[in-house]
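My structure is below; once you've seen it, I'll send some questions.
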Amino acid sequence: MNEVTSLLQENKRIKSAKYVSNFETVFACPICKSSMKVIDFKSIICSNHHTFDFAKHGYMNFTTHSVNTKYSKGLFEARRKLITEGAFYKPLSYAIGKLINEHLVKTKEIISILDMGCGEGSHLSNICDIVRSTFFKSVVGVGVDISKEGIMAASKYYSNKIWAVADLANTPFKNKQFDVILNILSPSNYTEFDRLLKSDGIVIKIVPQSGYLKELREHLFLKPEKQNYSNSETVERFKESFQFVESSRLSYTMNLNKSSIEWLVQMTPLTWSTTEERINSFFNKNSAQITVDLDILIGKNSI
Ligand SMILES: C[S@@+](CC[C@H](N)C(=O)[O-])C[C@H]1O[C@@H](n2cnc3c(N)ncnc32)[C@H](O)[C@@H]1O
Ligand SMILES: [Zn+2]
């Protein structure tokens, strides 16, 4: 690494630590739960001296042991390209932005959005941009994921956000800090969501509906039970965990070009349980119609 690159990275780490220091009161140590402070624009430290350093791209790692996940750098890169260049989830970002506007009290000066299982961060970045340009002037976006690869990519591409490697079941935040908790196609921990949500906040969970990526599933799997998907158990669990507000279904079909098809195949965990041959024959297509079919669930704190 040459001197210029090293200085730029140092700069990025300091910039990010400065940004995080504006919101340090939100943090609680994931080990002992005490308050935390940003020190020397280098680390965030609790009152019992548990110390977590800022990485060169500006994220913090709150895990106490390394976690191996099947989500790779390549998968997150493909996800970012399909979301940003392929605009594959654009209608979803706008639907979520609109719901945030409808459900939050308009008089708030600043709103905080926490994305639990944010992956490489493009959804959070897009949603913050939409909310900021249309509805609320000031938005702070916080992304948490257990995958270091995901958070590393997020902090590399999106600045002025708070990015943390952490388990969504044990996050480094105090109680009742967030106006919105997003949970997009990721696992949940409703006890933790409930703990973190402000009393007038909302949880927005996105789950696949039966038609989600059906053309890809039909191609990858021969068994009908793998081709079909039911979200009923997930939806039931959500309804039991929150004072239920509403659910809506978002369905659309997009015509993907060759690049987008390649990103789609690389970004989905669906390929983890099929053969190389089936993956390759889809990968080599020049175009394809692909369905996005999702349930958007909105919950408020249980009383
Ligand atoms: C299918 S990906 C979705 C990522 C992102 N929300 C998106 O839609 O592009 C699921 C994500 O959940 C994350 N995840 C799984 N278990 C987690 C946990 N216990 N804590 C935090 N993140 C977790 C994975 O690392 C992965 O990034
Ligand atoms: Zn501590």
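Cβ coordinates are placed from backbone N, Cα and C, and glycine is handled just like the others.
Below are the features I grabbed from TrEMBL:
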DOMAIN    27-62  domain '23S rRNA (guanine(745)-N(1))-methyltransferase N-terminal'
BINDING   Cys29, Cys32, Cys46, His50  Zn(2+) binding site
BINDING   Tyr89, Glu120, Gly121, Tyr212  S-adenosyl-L-methionine binding site
DOMAIN    113-186  domain 'Methyltransferase'
Give the residue from the binding-site residues Tyr89, Tyr212 that has the most other Cβ atoms within 10 Å of its Cβ, counting over every protein chain displayed.
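Per the Cβ count within 10 Å, the most buried is Tyr89.
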Which one is it: of the binding-site residues Cys32, His50, Glu120, Gly121, which Cβ has the fewest other Cβ atoms within 10 Å in this structure?
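Result for the binding-site residues Cys32, His50, Glu120, Gly121: minimum number of other Cβ atoms within 10 Å at Cys32.
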Please go through the binding-site residues Cys29, Cys32, His50, Gly121 one by one and keep those whose C-beta falls under 6 A from any atom of ligand 2; give the result in sequence order.
Cys29, Cys32, His50
Between His50 (Zn(2+) binding site) and Gly121 (S-adenosyl-L-methionine binding site), find the distance joining the two CA atoms and give it rounded to the nearest Å.
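So the alpha carbons of His50 (Zn(2+) binding site) and Gly121 (S-adenosyl-L-methionine binding site) sit roughly 27 Å from each other.
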Work out how many Å separate Glu120 (S-adenosyl-L-methionine binding site) and Cys32 (Zn(2+) binding site) at their Cα atoms, rounded off.
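If we compare the Cα positions of Glu120 (S-adenosyl-L-methionine binding site) and Cys32 (Zn(2+) binding site), the gap is 28 Å.
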What is the interatomic distance between the Cα atoms of Tyr89 (S-adenosyl-L-methionine binding site) and Cys46 (Zn(2+) binding site), given in whole Å?
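One finds 38 Å between the Cα atoms of these residues.
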Counting across all protein chains present, how many other Cβ atoms fall within 10 Å of the Cβ of Cys46 (Zn(2+) binding site)?
20
Starting from the Cβ of Cys29 (Zn(2+) binding site), draw a 10 Å sphere and report how many other Cβ atoms land inside it.
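That number is 20.
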